[in-house]
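What TrEMBL lists as transmembrane segment is 6-22, 38-55, 61-82, 94-116, 122-141, 162-182, 194-216, 228-247, 259-277, 289-310.
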Amino acid sequence: MDDIISRVIPILALIFIGYIINKKSYLSQTTVNELKKGIVNVALPAVLLITFMTMELRAEYFWVAIGTFFLLTLLYIAGALLEKVKGVGHPILPFILSTFTFGLLGIPLFNSVFGIENLDKLSVLGIGHEFFVWFVMLTLLKMKFNGEGFSFAVIKGFAKSPLILSIVLGLFINILSINIILENNPLFNGIMNTIEYFSVIATPIILIIVGYGLKLDPHYVKDSIRLVGLRIGVIFVIGYIIKSVLLNPLMGEDPMFDHAFFTFLILPPPLSMPLFIGENSTQEHSNLANNVVVLNTIVTIIIFIVYVLMMT
């Protein structure tokens, strides 16, 4: 119990520090956005590179990634159906229901409690998620609000994504055992040490950024509560059906995968979702999406901490 509490306290402390930084205006929103860009483009890829470079490669991981993609597809369909229900649905529902803050919240939360040595369990879910976001969600969002179809820009964006590049490079190094072959090479070790330094700063800075962004707009609170409650309920029902039918037979008895899957399901929509929606729909939709993300982030942190404390 003491060990669990000691892991939870830094999460709360860092988020609180971020909140105070915002409240006292120690950093501007522009500065925080630049920090976030650095984390997404450098620190998070460093974490994923190390994870995929050192993880045990298992055939079932491929099918778990496919299963995750299938799960997100079902969640999108559920959102599209619920959107048509009067008093329940909303045009943004399919998009907030089928996407998650895998990198900017899932990785730091999971890493802070379960360690980077177990991050492969969550990262394999993230592969399916990244494919869905780039090739399905973004395309459908543009089609829905702008009438645009699939474009080469989507493929280009996917191929240039630092997260995707780090996963591919990590797998390449792992498959060819380059890290083992060059384990005594000082140049290689120097590069890896540098990458590890970047990976270490990812979790604390991300949690501070999360705390900085915890600000709700009272005008959208009522709709946000409705959408977040609906989102969590639908995700858990469909998520655990898919886990029971598809994923459990693949992974067998694996408590760490159970922790990773639960962590994945409680994550809020991507922090970039309001931006995606704002670029393609109305400012009203973007503001609501932002409130949903903030409220869901608060709920996620509470659920995760309660879950971790209950593990004992």
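Heads up, the Cβ atoms here are built off N, Cα and C, so glycines get one too.
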The answer for the transmembrane segment (122-141), taking Cβ pairs under 8 Å and residues 6+ beyond its ends, is 48, 51-52, 55, 61, 64-69, 71-73, 76, 94-95, 98-100, 102-103, 106-107, 110, 149-150, 154, 157-158, 161, 163-164, 167, 260-261, 263-264, 270, 276-277, 280
With pairs fewer than 6 apart in sequence excluded, do the transmembrane segment (6-22) and the transmembrane segment (194-216) have three or more C-beta pairs that lie under 8 Å?
yes
Remote residues contacting the transmembrane segment (94-116) - C-beta distance under 8 A, at least 6 residues beyond either end
4, 7-8, 10-11, 36, 39-40, 44, 47-48, 50-51, 72-73, 75-80, 82-83, 122-123, 125-126, 129-130, 132-133, 137, 140-141, 163, 199, 202-204, 206-207, 209-210, 227, 231, 234-235, 256, 259-260, 263-264, 267-271, 273, 276-277, 289, 292-293, 297, 300-301, 304, 308
Looking only at the recorded stretches 61-82, 162-182, 228-247, 259-277, which one has the largest tally of CB-CB distances under 8 Å to the transmembrane segment (38-55)?
162-182
Other same-chain positions with a Cβ less than 8 Å from the transmembrane segment (259-277) and lying at least 6 residues past its termini are 36, 92, 95-96, 99-102, 104-106, 109-110, 114, 118, 121-122, 125, 129, 133, 138, 141, 145, 213, 231-232, 235-236, 239-240, 243, 247, 285-287, 289-290, 292-293, 296-297, 299-300, 303-304, 307, 311
